[in-house]
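According to Swiss-Prot, the protein has these features:
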{"type": "DOMAIN", "residues": "4-185", "note": "domain 'UmuC'"}
{"type": "BINDING", "residues": "Asp8, Asp103", "note": "Mg(2+) binding site"}
{"type": "SITE", "residues": "Phe13", "note": "site 'Substrate discrimination'"}
{"type": "ACT_SITE", "residues": "Glu104", "note": "active site"}
Amino acid sequence: MRKIIHIDMDCYFAAVEMRDFPEYRGKPLAVGGSRVQRGVISTCNYEARKFGVRSAMATGYALKLCPNLILVPGRMQVYKEVSQQIRAIFSRYTELIEPLSLDEAYLDVSDCKLFKGSATLIAEAIRRDILAETGLTASAGVAPIKFLAKVASDLNKPNGQCVIPPDEVPEFVKSLSLRKIPGVGKVTAEKLSSLGLNTCADVQAYPKQELIARFGKFGAVLVERAHGIDERGISVSRERKSVGVETTLAQDIYTLEQCQQVMPGLIQELSSRLVRSAKGRQIHKQVVKLKFNDFKQTTIEHRSDEVSVVMFYELLSQAMARQEGRGIRLLGVSVGLAETKDTLSPLMVRETKQLDFVF
């Protein structure tokens, strides 16, 4: 039986800001956006959350909920440096580390001999080390499988931990809300609820083949999770699956021509990010994303093994066909990256005379 720990830093970006600027402590604080330009909240502290402010919320709406909200720009380089400190702490306990982002990771401590192999005590020690060396708090979940470790890390936040022993897994999952399962978002949860499925116990009692027929591969995964099954191991070399760039516009725009004026800057930035991040990997698709002023969004993609600037503009035209009179508040472009085993050649770009962008 494996011993998996999921470590999740508490309101990470905001916590770093409060550590470095004590005057922010005890006040509602959010990282991202500003009072004069539209944007999206990256994260916020617990004082801000009391007002209903949440990550990925539009800055303007967050300010309506909390007029005294302090907004600060992100300092990504600092967050990356602190994240490296935290990962160095992880490596004292195990080499099996799967970073999910700058502020969370899975650790497999099954073979760790410290604390007589107690995953509970190992998690406590990691959290103590993080606090002592970075001044930041972390929460932890301990379980025999990955998805339950992630669920558990959220149960005693902030600065706490939760342990789900192997013999308690069957009973624990019965009452677990399906919304807690990774991959079950608002829309999927509503579809499941319409079938009378709200907890893992509901899924356990539902015909498996019918779920698979309705939801495909995800239906099969859902059945496994509902029975407390997750055979995924720790992936120590997670590959980046995409590279993209997007911008939240200062004002809503409404026409294709206005969107086309935004595209050159996005494509140029995407070019720079590909050079830094793609490492010669093959692409397999191009994507254009629009978010409207009702906060709904649409994406259009095209399968391709080379980047075409012209195709981005064609995808933009297709996405605009879904506008339905709504204003556009965000525009983004991205490419999907093939797995390393599928890499055949460095990224190729089809150049055009009309658009002088070199990838």
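Glycine is no exception: its Cβ is also placed from the backbone N, Cα and C atoms.
Across the fold, the C-alpha of Asp103 (Mg(2+) binding site) and the C-alpha of Phe13 (site 'Substrate discrimination') stand 9 Å from each other. The residue listed as 'active site' falls within a strand when secondary structure is assigned with DSSP. Mean pLDDT across the domain 'UmuC' (4-185) comes to 94 in this model.
Cα of Phe13 (site 'Substrate discrimination') to Cα of Glu104 (active site): a span of 12 Å. Rounded to a whole value, the Cα-Cα separation of Asp8 (Mg(2+) binding site) and Glu104 (active site) is 4 Å. According to DSSP, Phe13 (site 'Substrate discrimination') sits within a helical segment. Counting only same-chain residues six or more apart in sequence, the Cβ atoms lying under 8 angstroms from the Cβ of the residue listed as 'active site' belong to His6, Ile7, Asp8, Met9, Ser153.
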